[in-house]
Every structure is written in structure tokens, then in C-alpha cells.
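Chemist: Below are the features listed in TrEMBL for this protein:
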{"type": "DOMAIN", "residues": "16-81", "note": "domain 'P-type ATPase N-terminal'"}
{"type": "TRANSMEM", "residues": "50-68", "note": "transmembrane segment"}
{"type": "TRANSMEM", "residues": "277-298", "note": "transmembrane segment"}
{"type": "TRANSMEM", "residues": "335-355", "note": "transmembrane segment"}
{"type": "BINDING", "residues": "ASP403, THR405, ASP859, ASP863", "note": "Mg(2+) binding site"}
{"type": "ACT_SITE", "residues": "ASP403", "note": "active site, 4-aspartylphosphate intermediate"}
{"type": "BINDING", "residues": "ASP403, LYS404, THR405, GLU522, PHE563, LYS586, ARG623, THR703, GLY704, ASP705, ARG833, LYS839, ASN862, ASP863", "note": "ATP binding site"}
{"type": "DOMAIN", "residues": "885-1125", "note": "domain 'P-type ATPase C-terminal'"}
{"type": "TRANSMEM", "residues": "925-946", "note": "transmembrane segment"}
{"type": "TRANSMEM", "residues": "952-973", "note": "transmembrane segment"}
{"type": "TRANSMEM", "residues": "994-1016", "note": "transmembrane segment"}
{"type": "TRANSMEM", "residues": "1028-1047", "note": "transmembrane segment"}
{"type": "TRANSMEM", "residues": "1054-1076", "note": "transmembrane segment"}
{"type": "TRANSMEM", "residues": "1096-1115", "note": "transmembrane segment"}
Amino acid sequence: MKLEDNTTHHDNPRLIHINDPKKTCDNSQFSGNEIRTSKYTLLNFLPKNLFIQFHRVAYLYFLAIAALNQLPPLAVFGRTVSLFPLLFVLTVTAVKDGYEDWRRHRSDRNENNREALVLQSDEFRPKRWKMIQAGEVLKISSDEAIPCDMVLLGTSDPSGIAYLQTMNLDGESNLKTRYARQETNKLFLEGTMISGIITCEQPNRNIYEFMANMELNGHCLPLSQSNIILRGCQLKNTEWVVGVVVYAGQDTKAMLNSAMSPSKRSRLETYMNRETFWLSVFLLIMCLVVGLGMGLWLNRHKSQLDTLPYYRKVYFQKGKDGKKYKYYGIPMETFFSFLSSIIVFQIMIPISLYITMELVRLGQSYFMIGDRHMYDSVSNSRFQCRSLNINEDLGQIRYILSDKTGTLTENKMEFKKASIWGKSYGDSKAGGSREIDAGVEEAMVSVRKWKLKSEITPDPELIKLSYKDLHGEERIAAYDFFLTLAACNTVIPILTGSPSISGSSLRDGHTSIEYQGESPDEQALVAAASTYGYTLFERTSGHIVIDANGDKLRLDVLGLHEFDSVRKRMSVVIRFPNGSVKVLVKGADTSMFSILKKDLPCDDRMRHVTQVHLNDYSSEGLRTLVVAARGLNGELLEEWQQMYEDACTSLVDRVVKLRQAAALIECNLTLLGATAIEDRLQEGVPEAIESLRQAGIKVWVLTGDKQETAISIGLSCRLLTADMHQIVINGNSEHECRKLLCDAKAKYHVNSASCFDDITNLKRKTELNFLEMASQKKSSNMSPQITGEEDRPTFGPLALIIDGNSLVYILEKDLEYELFNLATLCMVVLCCRVAPLQKAGIVDMIKSRTDDLTLAIGDGANDVSMIQMADVGVGICGQEGRQAVMASDFAMGQFRFLKRLLLVHGHWNYQRLGYLILYNFYRNAVFVLMLFWYILCTAFSTTSALTDWSSVFYSVIYTSVPTVVVGILDKDLSHKTLLKYPKLYEAGHRQESYNMSLFWITMVDTLWQSLVLFYVPLFTYRESTIDIWSMGSLWTIAVVILVNVHLAMDIQRWVFVTHAAIWGSIVVTYGCMMVLDSIPVFPNYGTIYHLVKSPVYWITILLITVIGLLPRFIFKVCHQIFWPSDIQIAREAEILRKRRPFFGSNADQDSS
């Protein structure tokens, strides 16, 4: 697994001279702001496009064939005709690529010619984006796009705040806050010009990090991600901002992140290469036979060569010696015959198959996108096909690896419960609000002037705690608890309905408030704090303002340690109006309990009670956080401030140093309580998971939530069942993890060596026939059991539950293979507390140790690596932005649509593409073998009875359209049947539509049909004087009719378009032949007109069709009667259901 290296180059920092682009760019060759996303120019389009196209080995093969045909001794076809198939394919692809690139050029031109206001001669003047340079100062107005990466110097807001929409950059719809340093913002508001130097890191792809310092008036000011606005963002809710360009053009983070996601190849296409190899072997054998036959024939008739056409030494013309024949001798003639036969048999490897597959996939994608059953009305999003080359893989998925939050759940957080100072709140039933004390209710009416966008139903007991005049530790704990919820976050309050936020406005009238944040959890907690009287309504880079039960509380923010995956907590240091300083902390219980103070017995009691509450909340499927605080003063505060300032101004290891500064104050905390947030399951998730498991698909859930929460959600979505044996792996060392794995394998008799045999036997034993499926009820709680020897004890279904800490030791050590053996024998695998790269590591573990296809589905940025690593990646259009969607192969609005995507569209796509590939191999092979039999009867001369154009048109025009139409529209079963009986999906697991056996059966059938094609006309016309061109016309139309009737025999769903394509192609073939036979210069001039008058012609075509397809018909009938597949039984059941109403009505009439 390759990880992108985003390490910044601190050894060579970039120097930006503010408002001095000449000095900035003279010292270093910085990129201009002109961007280019197009691949080609007018000069390099042809060579570059051809170079890219010829990366397909098949194209090189056909190029070699066309080049051979240009040599005079090997000119089997006309030189122009031989180039036509390859030129057609190359031209179609080049036109498509050229059109796409022209659109990129047009987009680039429009983007580069946009204008922005640039500071020139002490005033802002318009300047085209492509002319902007690093070091220039720009002014951006509201709703305008940001032209380059800029460090904010000033904003229209006195506090220096600016709001940005970053949807074009990271896909997130929530507004982000960025800040100008107070020192520079004050200068701009006063109208003072700024000059200074910014020292920043070299350009890199990390859009979530920026480290720099600004030297201003002798002071060194630290700059971070909150001080930079990136190209592609849009300014919102801010009148204007002013900034200095630090990265321009191709150096911007947006352009550095514009690389495409890794390309994926379908499994069928990989298998197709295997069969293409065998076709190449057949081709080589046929060419060797022709070449050797030519050599033997020439050797046998060498004494007669001077009297035979094409082998005479001199061509006699009117009794005189004419020009000499080009006879090269037996060895060279044999070699030329071998090369000429390669040219004649070239379509044995079908070049048209590549275009046909692309067209079919495009058509399939059109119908998937248009499926109204996969349209999500809530998010107004329809299904998206972002990758067109792996549609058929959807029909062979074995493992689904799913995120939980936002994928299985809605990611719409609602504050449900809280534990404050050892007491749990939120268990009151509806209607309890009437029990609120009159005094408390009066206090609420007088101070609650804020109207939230999404109102929360308050808990009466918690309201009493919030508004009552309590005393002592409980009052302090409640106060600090809600203050932490309101202050310890990065949420942005947006006010509407009130022109001012002065103290008086808190008392007069209602003010609507909406919270925007990067995390739905934070938004829910801040909204909950507001519901209970602590409303955050103003935030700047230096302070926040909270309405605490009607009192305006202005808190100075001395420092903010944001949440990271190492600490798993967040803290903010605030100074109160009275000068006291506190650090407010919230985080996961695993990281918080270790940093709580343990001085008094009451601390242990509080910790124990809170832990009990947390376990109760988690068992209900709620997401939990622990809240704590402590006071800071004296030397500790000064030491932290020094460390924090040094870390913020450091360009080297800033993250590590900030983490060390946080550790200094995040200790000896006083436990205040815990919060519990509900993240409801999405609609239809339990039913979807149950159907997927019945389809033989294993669902693994990889989540960052704690173990108890994940288990609770697993039970509610029917991923886990009560009868499952849970194997829990929670190890804190390699030795402990190894012991837990070995104990589990010993207990459940898992043998590493026989693991794969067990899995294979399990799959075979659990294949039930259709009648059993029809009578089977909901079977999610029923699962196959692995039984080895007869004396081995049997167990119920197994569920493996493992945490991220254990995965650290397992995935990086030699324990990965042991985990794989155990996990693959479990019905369910639940991974908790996993990091993004661990998710990708688990996918890689499955891919590297099995041939089964994996599908990863998620909705957030933390799922991107997993989505890109899996064979198929699906993104959910959720609350966490669109990073997952942008990195995915397919995108949808709800998890439940995955059931229809796989069981219906996946099955159809796999069945269609599998048949399409085999049919294309058959269609071309039967044509080539017919030519082969003819060459064997014409002294191995590689001459052809067919015209050059007939040979070319056979794959391109005569037989191509029916293949595409059937590949897009054919359906072996209805969507209702496929959804009703999920086990039908296992046909893809068994590779019933495309496998090696089917390939060989198809080739044997092809051999028989080619013999019938060649010898039946010889038999029917054995007494006639028919010429060879007439015979060629007969063979041409006969092979077209034969392959189309062959296709018609296999079609399951006939519609008007299918009829038009099948029978229309035969009509088109006749029309083309009539046109070709009407051209006097062609040797086949007029043949079709004579042939159609003879009854023998029509009888011959009928005999070829009947005799050629009779063995196939008999084989299909016997197979369907004696060895029917699940698909065949389900199809017959569908037919019976359609006929049943008719018979039922007759029965009713008879009974009446």
C-alpha cells in the first residue's frame, strides 16, 4: 500500500515579500497563476494521443497486422481496407479525447481570464488571474472565488474573521472560518499599507495544514491553517478580505490535489486476457498449419511450378515474354504464407470487443443513473457512475467494508443524555416538561431569547439543573459542563433577525441563530448548550461571547488545541472577565480517564459512576464524550504560553510541539461529566444488510466509535445477532494480540493450513436450490457452520470484534495472516477505533490474500483511502462533505441503495458482460475458422472468397449493433425476483456467466458451426458451376444469419429495440451486399442478384442455421431439464407467475 508523502520542505522555506512581487519572484522562480488542466496542445495532440492509446497491447497487434499487409508479398487485403478497423478505433477514441480536452481548454481559458482586484500604485485595480504573481496583495469581495492561495491580512469584520465555502476544494458544504491576524487587520482598517516578509513552507498537497511566520515591524507572528484561504474557495457572509499571494497557479494546493484517483480494471477484463492468450495460441497454430501446408504443397508440386499461375518465372503475354513473377522460393513462400495467414485470421482477436464493452458499460451506467429506486429525495441526489470500467464487478462482490457514522447512520446528531457530577440526565419521558418549577420556567422565559434553526426537546431535570440557583460543587460542575460544550469547539454562530449583538439585544426580541461547523457532533453539543441556557453567539480569533442564562460573558481565547487522532481530545484555554484562566477539555473516554486527577476518594467514585453511565449510553448505541476542566495560574500558565507560542511559530515539527504543549495542561483534570449523542440508523439499513448476507456477501464494519457503541449499532442493524459467538480482540501489545488470536483459533478449531479448504467446503455445502430459497424465511440469524472432522464440535456463527489499538500490532507484524484466517471464517467482523490508514490496511489484507472482490463504502474524508484501495469504491452523499464521493467509483444517497445496486444492477451487468465477451469470441472465431477451412481447400494460398470490405464490415457493421443492444437491455430475471431471492446473487460468486469451462464449450460449438458453414454450401452446390465470389456472398450472409440467430436463442427479454437490432442487422447486411455487388470494378459484381433467384440458396441458408445450431439447442434443453441452475429455476417460476392469473381466472369461472 503506497501512501502519499506530503512532507513539507522546511530546509528551503519560501520567502514572500508583501506587496513586492518583483522582489519575491526575482529571488526564486515561482510559478505564475496561469493554470492548465488540459492534456494536449495542437502540436502534441496526435503523437501524445497515439502514444497513450497504444498502451493497449491489442492495438499494437493490429498495427503490426496493418503494417504487414502493406508489404507486397503479404497484401492479402487492399492496403487501405486493412487499415480501416484500426483507424476507425483510433479515430473514435481520438475524437472523444480531443473533445474532452477541448472542454478543458475552454474551462482553463475562462478561468485564467477572470479578473481580480490587485493593489497597484496604492489602489486596487482589475487584473486577469493569469497575470497575478506571488507577493501581490489582492482584494476579494463577497461571493467571489479565490484566485490563488493567500494569507489573510485584513477583512471587513473588525475582529478579522472571514467565512469561506470550500465545496469546490474538499466538497464540504459547511462554512469555514479563517482569520486575519489582529496586528495586520488593524493596520488595514486604519488605511495603513503593510510591508513585511512571510516565511512559509514549500508548496504541498496538504489542504488541512499550513505553517508559516510573518515578520511585521520587528515582530514574528505565527501563521497557521486558519490564516490562509485557498484557491477554489468562495467568500461568503463577509463584505471583503485582503490577502497576499503565497502560492499561485500550479503551486496552489487545489492544483496539487487535482490528480485523478487510481484507475481500476474489472475482474472480467483480467480474465478476458487469459482467453485472449488462448485465442492467440489458436491463431498461431492455424497460421503454422497454413504455412507448413504451403511449404509441403510447393515441395510436392515443385516440378509443375513453372506452369502454374503465380509461380511461373515469366508471365507470358500475347506469346511474348512479359514481366517476371515474384517467386521467392519454397522457404520464403512458406514464411510469407505464415505471415499472410496472420493477416487473414487477424479478427480472431476481436478489436471491436473493446469499443463494444465501452458502449455497453456506458448504456448500463445510463440506466443505473436513471433508476428512480436509487434516487434520494432527502439529499436530492441521484445515483452517480464515476467510473465506467468496473460495472460488472458489482455482480461478484464478496466483501463489503463499511464505515458506520454517516454510512449506516444518518450522521445527524441529536443530544440525548448527559452525566453531570455523577448524575445521569435525559431519561425522563415525554411530557415531563410540565414538571418544571414555576420559578425555573419564569427564568427561562426571561432569558431564552435565542431561536435555534433546529429546536431540541429539553429534558426537564437538566433544565432544572441549568437554571436553578444551585450552590457548591454541583453548581460549579454544571456551569463548567455547559460552558465547555459552548466554548470548546470551532463552531461558527450565524445570526439572523437582529441587527446587533449588544447586551440590550439579548433582552429585547428574538434572534435566530444557526451553527455552522465541520463536525455534526460539535454542532449538536453547541446547540444543546444553547437549549440549556449557554448560547455561543460570537466568535473571533481572539475571543468568544456566550449568553450564559441571560448574562453576556466575553471570554478571551488564549489557545486552542484542536482534536487529533493521537490525543483523541480537544481543549481550549480561556480567560474569564475576572482574570481567572481555565482549560476546558472534551474527548473520548479512552483518552480522558487517564488524565483525570486522582487526589481524593470522591474523584474515584465520580470516575466509576461516570464510567457506568458511559457504558449504559454506549449499550444504547449513543456516541459519548467525556468533559473535564481545570484552573490554570502562575508558573504553569506562563510555561504553557511560552511553549504554545514557540510551537505556533515553529516551521519544524509544529504538530508535535503543539501536542507537547497540550500535554502540559491536559492533566490533573476535574471530571465534569459526559455527553451522549444519538446518530440514528438510516432507513432500510437492517433489511439491506440482511439481504446482502443472504446473498453470500460478508459485511465488515470499520468505525472510529468505541466498541460498546459499535456493538449496539451492530445489533440494531442486524449485523450482529443474539446467537453469534463474539470473539473480542483487545490487545495492548504484540504478545497479547498473538495470545488472543491463538486462543480464539484454538477455541473454535480454526486451522491456518486448512482455512481455505474449510471456506471452499463451506461455500459448496451452503449452496441451496431455488425451492429451498422460496420456502426460506428471514434467515439473517441462520448462518452456515464450519465443520471439519465429524468429531469436531460445532459452533454457531462467529463475530470478530477488534479495536484499532490491536490492529496497530497485527497489521504491522506477522500476525496479519493469523487475523485473516480467523476473520474470513467469521460471519461478521467489527473493527472499532480504527484510523483511516488502518481501514485501507484491512482492505489490502483481503485483496492480497484472496481473489474475492471487495467493496468499500463510506461518506467522509477518513474513508477515502479505504475507498480507493478497494476493488469497488462507493461514496455516500452525506453530512461530512463530498471527499468520499469525489474519490469513489460510484456514489449514492443512502446505504440501502447498495442492495439494489449489487443484487439487481450488479447481477445484470455481470451476466450481460460475461455473455458479451464469450459471444464476441464466438462471433469472430466462427468467421475465421470458416476462412481457415477454405484456405485448406485452396492449396494453402491464403486467398479469400470474401471481398475485403465484407471481411471488414463483418465486425464493424454487420454484427456489432445487436451485441451492444443485448449487452445493455437483456435481463435474465426481473428486479423483483432478484430482490426477493438474494441468493441468486451467488451466481456471480460461482462465475456462472463467464468461466474457463464456458469458454471451451463455446469454442467446441464454434468449431462445429464453422464446419457446417463451410461444408453445407459445398454439398448443396456440388453439381453446380457456381463461381467463388458467389460462394463468398453466400458464406457472408450465412454467417451473419447464423450468429444473429445464435444470439436470439440466448436472449431472455425481448423488446422492440432488440427485435430491430437482431433482424435489422440481417437486413442491413443484405443492403450493404447489394451496394457492394452493384459496383462494376469489384470482382463480385452482380453475384447477389443471381443467387437470390435460386431456391438452393435459401435452402442452403436454412440448412446451415438449423444444422449449425441444433447441437447447441439440444445441449441447452438437456442442461435446463436435468441440471437447471438457480437462475433457470427462478426464470421458470417468473413465467409460471405470469401465467397463473390467466389459469386462475379460468378456474374461478369453472368453480362458479
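From the backbone N, Cα and C atoms, a Cβ is placed for every residue, glycine too.
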Chemist: Please indicate, using numbers and ranges, the residues of the same chain that are 6 or more beyond the transmembrane segment (952-973) and have a C-beta under 8 Å from a C-beta there.
Modeler: 77, 81, 84-85, 88, 347, 350-352, 356, 359-360, 363-364, 367, 907-908, 911-913, 915-916, 919-920, 923-924, 927, 984, 1036, 1039-1040, 1043-1044, 1047, 1051-1053, 1055, 1057-1058, 1061-1062, 1064-1065, 1068-1069, 1072, 1127, 1130-1131, 1134
Chemist: Tell me the Cα distance separating PHE563 (ATP binding site) from ASP403 (Mg(2+) binding site), rounded to the nearest angstrom.
Modeler: 20
Chemist: Please identify the stretch among 335-355, 925-946, 994-1016, 1096-1115 with the greatest number of Cβ pairs below 8 Å relative to the transmembrane segment (50-68).
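Modeler: It is 335-355 that shares the most Cβ pairs under 8 Å with the transmembrane segment (50-68).
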Chemist: On a C-alpha basis, identify the one among PHE563, ARG623, GLY704, ARG833 that is nearest to ASP859 (Mg(2+) binding site); the candidates are the binding-site residues.
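Modeler: Comparing Cα positions, the candidate nearest ASP859 (Mg(2+) binding site) turns out to be GLY704.
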Chemist: Around ARG833 (ATP binding site), which residues of its chain at least 6 apart sit with Cβ under 8 Å of its Cβ?
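Modeler: Same-chain residues close to ARG833 (ATP binding site) (Cβ under 8 Å, separated by 6 or more) are THR590, THR703, GLY704, ASP705, LYS706, GLN707, ASP803, GLY804, ASN805.
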Chemist: Quick test of the contact rule: Cβ under 8 Å, at least six residues beyond the ends. What residues does that give for the transmembrane segment (335-355)?
Modeler: 56, 58-59, 61-62, 65, 68-69, 73-74, 76-77, 82, 85-86, 89, 92, 276, 279-280, 282-283, 286-288, 290-291, 294-295, 328, 917, 920-921, 923-925, 927-928, 931-932, 935, 940-942, 944, 951, 954-956, 960
Chemist: Once near-sequence residues are set aside, which residues in the chain of ASN862 (ATP binding site), 6 or more away, have Cβ atoms under 8 Å from its Cβ?
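Modeler: Counting only residues 6 or more apart in sequence, the Cβ neighbours of ASN862 (ATP binding site) under 8 Å are ASP403, GLY704, ALA835, PRO836, LYS839.
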Chemist: Which residues, given as numbers and ranges, are at least 6 beyond the ends of the transmembrane segment (1096-1115) yet have a Cβ under 8 Å from it?
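Modeler: For the transmembrane segment (1096-1115), the sequence-distant neighbours (Cβ-Cβ under 8 Å, at least 6 residues beyond its ends) are 1005, 1008-1009, 1012-1013, 1016-1017, 1020-1021, 1024, 1034, 1037-1038, 1041-1042, 1045-1046, 1049.
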Chemist: Sequence-remote contacts (6 or more beyond its ends) of the transmembrane segment (277-298), Cβ cut-off under 8 Å?
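Modeler: For the transmembrane segment (277-298), the list is 305, 311, 330-331, 333-335, 337-338, 341-342, 345, 348-349, 921, 925, 928, 932, 935-936, 939-942, 999, 1003.
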Chemist: Validating a neighbour-count step here. Other CB atoms within 10 A of the CB of GLY704 (ATP binding site): how many?
Modeler: 22
Chemist: Could you pull out which residues elsewhere in the chain have a CB under 8 Å from any CB of the transmembrane segment (994-1016), counting only those six or more residues past its ends?
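Modeler: Same-chain residues near the transmembrane segment (994-1016) but 6 or more away: 268, 271, 274-275, 278, 282, 910, 913-915, 917-918, 921-922, 925-926, 929-930, 932-934, 1035, 1038-1039, 1042, 1046, 1100, 1103-1104, 1107-1109, 1111-1112.
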Chemist: Mean pLDDT over the domain 'P-type ATPase N-terminal' (16-81): what is the value?
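Modeler: Result for the domain 'P-type ATPase N-terminal' (16-81): average pLDDT 78.
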Chemist: In whole Å, note down how far the CA of THR405 (Mg(2+) binding site) lies from the CA of ARG623 (ATP binding site).
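Modeler: Checking the Cα atoms of ARG623 (ATP binding site) and THR405 (Mg(2+) binding site) gives a distance of 10 Å.
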Chemist: Report, as numbers and ranges, which residues of the same chain sit near the transmembrane segment (925-946): CB under 8 Å and 6 or more residues beyond its ends.
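Modeler: Same-chain residues near the transmembrane segment (925-946) but 6 or more away: 76, 279, 282-283, 286, 289-291, 293-294, 297, 337, 340-341, 343-345, 347-348, 954, 1003, 1006-1007, 1009-1011, 1013-1015, 1028-1029, 1031-1032, 1035-1036, 1039, 1042-1043.
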